[in-house]
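Trainee: What follows is a structure written as structure tokens; I'll ask about it next.
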Amino acid sequence: MSGLPGTSTCSGPGKDSDLKSPLGTRLREPLTEARFQQLFGGAEQEPEPPAEPCVPKLCRLWRLWARACSGPGAWRLLLARLPPLCWLPHYRWRAWLLGDVVAGVTVGVVHVPQGMAFALLTSVPPVFGLYTSFFPVLIYSLLGTGRHLSTGTFAVLSLMTGSAVERLVPEPLEGNLSRIEREQLDAQRVGVAAAMAFGSGALMTLAAVVTALPRSGLAELTISALSLALLVPVKELNVRFRDRLPTPIPGEVVMVLLASLLCFTSSLDTRYNVQIVGLLPGGFPQPHLPNLDELPRILADSLPIALVTFAVSASLASIYADKYSYSIDPNQELLAHGVSNLISSLFSCFPNSATLATTSLLVDAGGNTQLAGLFSCTVVLLVLLWLGPFFYYLPKAVLACINISSMRQMFFQMQELPQLWHISRVDFAVWMVTWVAVVTLNVDLGLAVGMVFSMMMVVCRTQRVKCLALGLAEGTELYRPLRESHKLLQIPGLCILSYPTPLYFGTRGQFRRIVEWHLGLGGGKESPKPGALPDTVGEPVRVVILDFSGVTFADAAGAREVAQLAGQCQDAGIYLLLAHCNASVLETLIRAGILDRVTPDQLFVSVQDAAAHALARLERTGLKICTVWV
């Protein structure tokens, strides 16, 4: 036998082959799916119990409910729904308390200016940003499973909410409103924002920013420029020297104090008409249900906000859980953020979620558990109860600059595009399409366009997968694609095909055409595939093995296609074998009637077993076996 391409070794029926490969040495009998289940899976299935009468079934359900409502059952439910009952008894007070206190206070200090700033993005008064920085953080600390997660106001959600608020409660065209009219407008906008938080849990048009510049005052532009000149370098220092700094530099707090002092001493609000925060109401608002009449109008906006909230929060929680070797409960996370938005909406809060900026700050400051969120709430509580008047002269332009500096990381993602292009051009296309859609349309529609485009890419990629013809690697039991190497054994009359993609209605047509071409069914061999391997011996296909190890699932249309293909092979005198079907695919094929066309002896657990069975069948038919190295 030669290893040169195109050479062959033949043996007649009944003669021993001199193949130096596993095909020439039978180690065991080929295993079919049925035989494998008998040996390893327990072929004798337990008989289904007879149908129970209705009354005993109800009694059994009642016993289950009673067991769940028992003392141990109620305690297990309480432990699952209140995570502090699990982690607080094991809290390492000496090792973790100082880190949680420092991290909580640090994040709380940042929550104050950031919450007020993001309230402006939501088009509501700044104090409601403080409410949103308090209630959701408190609730998540009691219900969440992410030890290092920080929740509160989030720029993207604030933009999305603000877009809907301004559309549903637009600014009057006159522009000059009395104090009472302004309060009424703010109350309406707060009601819409709270209703959106109740329902789910921004508008970005560059053109609005450009057109608003001529109407901006020189004093506010100067304040904004000076604020950015301080905030951006401080943010950069915090990022570059993260490992060397004991705690990040609180640039936002310093900026708030300096700007408030400058505005107070220079009377910028009266002399240059600089807009300031004004009086922050002390205490908490009275809890009340949001304006639920707005729900039908804001459901379309609530859905993308809910999706973004859970996607961002669950992703961040998973990232830090993996980093610090603990696990989270996604269902409990969904419950925690849902309850957080529901309860906080009663206190006029707008939608909230976990945020990357404050989560990174909490971790860098040494936070260890959800207890840090309670200390963060304490700082915000102090501002709400006693320190609010100190922010009276804070210019709103400073809050706007805090927004811009907080979103700097979003803009810097542009730097990752060359690397993304190098790794995956499909992911690059999804990124660009989503970004363009968000900028030109709005956040809601942009995300929807990105999701649809991403799903289209998945469908297109599954439809472009090639069906591979396999050959035996020299001296092994491994079957590899014939185009990968020149040391693969091909047996004329035997065709082994691997289809590495799900088999569903979108790919069934391609699957049928490819298999028909390889088997010469329906005139498929008249137009050979570009780059296809030549038929070395010219022997027609007698046995075909379909390797379904790469078929992760099959729907009804795909399963029926396989059943029809089995019928075509039966009519053409081709013996069809299926190998390596997972349990769900095999069950779908059986329900589609595959056993009407093939027997259980034609279903094998691996390609090796199917190939050994096929070779034995070819030898029994008296066919002169020729092995060809390609």
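Yeah, the Cβs are placed from backbone N, Cα and C, and that goes for glycine too.
What TrEMBL says about a protein is an automatic prediction, not a curated fact.
OK, TrEMBL features for this one:
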COMPBIAS  1-11  compositional bias 'Polar residues'
REGION    1-24  region 'Disordered'
TRANSMEM  93-112  transmembrane segment
TRANSMEM  119-143  transmembrane segment
TRANSMEM  190-212  transmembrane segment
TRANSMEM  218-237  transmembrane segment
TRANSMEM  369-387  transmembrane segment
TRANSMEM  432-459  transmembrane segment
DOMAIN    484-614  domain 'STAS'
Trainee: Counting each residue once, how many in the domain 'STAS' (484-614) are helix, strand and coil under DSSP?
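Mentor: Result for the domain 'STAS' (484-614), in helix, strand, coil order: 58 helix, 22 strand, 51 coil.
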Trainee: Do any residues, 6 or more residues outside the transmembrane segment (93-112), come within under 8 Å Cβ-to-Cβ of it, and if so which ones?
Mentor: 130, 133, 137, 150, 152-153, 247-248, 250, 252-253, 256, 357-358, 361-363, 365-369, 371-380, 383
Trainee: Are there residues at least six beyond either end of the transmembrane segment (369-387) with Cβ under 8 Å to its Cβ atoms? List them, or say none.
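Mentor: Apart from its flanks, the transmembrane segment (369-387) reaches 83-84, 87-88, 91, 96-97, 99-101, 103-105, 107-109, 111-112, 115, 127, 130-131, 133-134, 137-138, 140-142, 144, 146-147, 149-151, 280, 282-284, 362.
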Trainee: I need to check the long-range neighbours of the transmembrane segment (218-237): which residues 6 or more away from its ends have a CB within less than 8 Å of a CB in the stretch?
Mentor: 249, 251-252, 254-255, 259, 268, 272-275, 395, 397-398, 400-402, 404-405, 408
